[in-house]
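> Below is a structure I'd like to ask you about.
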Amino acid sequence: MVDSLRACVFDAYGTLLDVHSAVMRNADEVGASAEALSMLWRQRQLEYSWTRTLMHQYADFWQLTDEALTFALRTYHLEDRKGLKDRLMSAYKELSAYPDAAETLEKLKSAGYIVAILSNGNDEMLQAALKASKLDRVLDSCLSADDLKIYKPDPRIYQFACDRLGVNPNEVCFVSSNAWDLGGAGKFGFNTVRINRQGNPPEYEFAPLKHQVNSLSELWPLLAKNVTKAA
């Protein structure tokens, strides 16, 4: 990792927050299709952010999450299950953090790094989830694409992070589990680290991926050598 790093910027959904925990908490009610429904919900949520961006038809991420869940429930014939959609949406506001998230953020902050989130989520849903997971106590900043009314991986989002944090692209370590996000961030000029929990193959090879680890806990050893530069 380069010596000039000043900020560690994290994606939220899928990186720090487990997007599948909402369905898993309600798995008994959802039934045998719980895992598949959760995967489809996430896929459509992301797809809708990209298609709306291309069509210049912005809607905030909470609305996209709602629309994606509607489709997923219809797909698995659960749309008439009384109260299920409301319970799943409420659970999404309180997603579980990955077990190693808080400790990793605390170590980085103690070492002098600016610790921030850059997310497609709108502020209300982000703040609710971060408060529920207690990650809000560790962050220096939480930046939302909703401020610009566009979604990652548009390069303007990554520039927005630089402007708000007062750093240059080469001074940012950007951490995400999402390959498409890292593709955009890497092409913009961030130093990128992929949290590849599922061991997925490389993607977006036109954009430089600096490092890959299997968990958030592996991030600290990767960055520890730079602590004197960050402080």
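The count begins at 1 with the first shown residue.
Backbone N, Cα and C define each Cβ position, glycine as well.
Below are the features I grabbed from Swiss-Prot:
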type	residues	note
ACT_SITE	ASP11	active site, nucleophile
BINDING	ALA12, TYR13, ARG42, SER119, ASN120	(S)-2-haloacid binding site
REGION	176-181	region 'Important for catalytic activity'
SITE	THR15	site 'Important for catalytic activity'
SITE	LYS152	site 'Important for catalytic activity'
SITE	TYR158	site 'Important for catalytic activity'
> Give the three-state DSSP assignment (helix, strand or coil) for THR15 (site 'Important for catalytic activity').
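For THR15 (site 'Important for catalytic activity') - judged by DSSP and reduced to three states - the answer is coil.
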> Could you tell me what the rest of the chain brings near the region 'Important for catalytic activity' (176-181), counting residues at least six beyond its ends with Cβ under 8 Å?
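That would be 10-11, 14-15, 46, 152-153, 192-197, 200, 203-204.
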> Near LYS152 (site 'Important for catalytic activity'), which of the binding-site residues ALA12, SER119, ASN120 can be found within 10 Å, Cα to Cα?
SER119, ASN120
> Assuming the binding residues for (S)-2-haloacid are exactly those in the record, ALA12, TYR13, ARG42, SER119, ASN120, what is the maximum CA-CA distance in angstrom, rounded?
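Largest pairwise Cα separation, rounded: 15 Å.
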> Using a 10 Å cut-off, grab the number of neighbouring Cβ atoms around the Cβ of ASN120 ((S)-2-haloacid binding site), all chains included.
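The answer is 25.
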> I need the least crowded one of these recorded positions (THR15, SER119), counting other C-beta atoms within 10 angstroms of each C-beta.
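Checked THR15, SER119; of these recorded positions, fewest Cβ neighbours within 10 Å: THR15.
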> Output, ordered by sequence, the same-chain residues six or more apart from ASP11 (active site, nucleophile) with a CB under 8 Å from its CB, or 'none'.
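ASP11 (active site, nucleophile) has long-range Cβ partners ILE117, LEU118, SER119, LYS152, PHE174, VAL175, SER176, SER177, ASN178, ASP181.
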> Using DSSP, would you call ARG42 ((S)-2-haloacid binding site) helix, strand or coil?
helix
> What residue among the recorded positions ARG42, LYS152 has the most other CB atoms lying within 10 A of its CB?
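Max Cβ neighbours within 10 Å, all protein chains included: LYS152.
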> May I ask which of the binding-site residues ALA12, TYR13, ARG42 is closest to TYR158 (site 'Important for catalytic activity') if we compare their C-alpha atoms?
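The answer is ALA12.
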> With an 8 Å cut-off on Cβ-Cβ distance and a minimum sequence separation of at least 6, pull the same-chain contacts of TYR13 ((S)-2-haloacid binding site), or say none.
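Within the chain, TYR13 ((S)-2-haloacid binding site) has Cβ neighbours under 8 Å at VAL19, LEU95, SER119, ASN120, GLY121.
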> Rounded to a whole angstrom, what is the C-alpha distance between ARG42 ((S)-2-haloacid binding site) and THR15 (site 'Important for catalytic activity')?
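Pair distance, Cα basis, whole Å: 13 Å.
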> Around TYR158 (site 'Important for catalytic activity'), how many other C-beta atoms are within 10 angstroms of its C-beta?
24
> What kind of secondary structure is ASN120 ((S)-2-haloacid binding site) part of, going by DSSP in three states?
coil
